[in-house]
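Database features (Swiss-Prot):
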BINDING   348, 408, 411  [4Fe-4S] cluster binding site
């Protein structure tokens, strides 16, 4: 019987599938951070349980760690300091490997998992974070879980899960100039909506997806949850294997050859059926900018801010009216005329070396607009080190960007990097909800190249018409 990629991974991890009850899945890798783990560890302690598989549990600090070097030594925020200290104590007590603030391996959990080779094709991966779907770029079944589920996995290394439906989204053809992986996923969400994939696992396919680097594939899978999906997956191929080869936690020698042989079978069989399918011609995609308060409120850079009359229902009309009020925008305003105050390049969506190279290429030879505050936050220490070896930090600093230490930073208002009320930010992150980057902050989601261009011009700009200076620097 022909099977989809999802079905193969799901069935390989079934412990039990009783009738009329959730299935029980074995979990290969549990990623842990400081925010959603303290109560779970306390639950183990109170019930006298041990951590079932410390060898399949890895922790880091990322969500509320400061990104200014001096502030990382003594963390001023009381809640953040308590959470980080609790993670240190818990990892020491339960035997969990922790990549702490000063560790070379520290970084955003969804950046370090792949770069260390912890993430592998065919795995089941969970984390107490919505954007765990990032790891699906490797052909893993990866999804976020709540704190009670974190404790369940810690205690049993298994998790009850209802079987989701399958949804294949194929992007076919060559991507137009200036269109990136971020634009692919924003374009998808714009088409199907923020609930368009609720109850599904998405498999991304098609020639445009296959042409992406692993960094690009991670960006696409990262935002699957923003379309309502439980997870997003891409079949592993030679691009995947080349990325994983020789990484710290990847198999070596004969074990590598055996792993690649097994991973090569993780693809949807010809004739396998999906519950739903969508084909998008790549030529229809464009650089996008979100204008509202969810990722589905997105338009091409050349469009105008929509008005309530464009809504398909009364509920949607009210949503547009509320979003326009919160965002301080008027219908009919060209997106390219919307001025910004802050630029944030970072997050688990777009903080990898490829993202920083793309942004640096845009800003080379330019200066940040005098009215804009701009920062670049690498996703991990290793990304930061690589960028500094390539001189990207110098390019950003000379242009007027702040060059920060690794962490989740301005993606969410849980650390010192926040917007003030009314500030408007061009952000490479994944969510633009009300208050996401700080109370009253206004978030617009864009690609790294689009964010970099906005930092220079002071407003949203079409990257397709950008005049690049000094491309040879990054050749």
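Placement of Cβ uses the backbone N, Cα and C atoms for every residue, glycine included.
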Cβ density check for residue 411 ([4Fe-4S] cluster binding site), other Cβ within 10 Å (all protein chains) comes to 29
Specify the count of other C-beta atoms within 10 Å of the C-beta of residue 408 ([4Fe-4S] cluster binding site). 31
Hey, for the [4Fe-4S] cluster site built from 348, 408, 411, who else sits with CB inside 8 A of the CB center? 62, 63, 108, 110, 131, 346, 347, 349, 351, 407, 409, 412, 429, 430
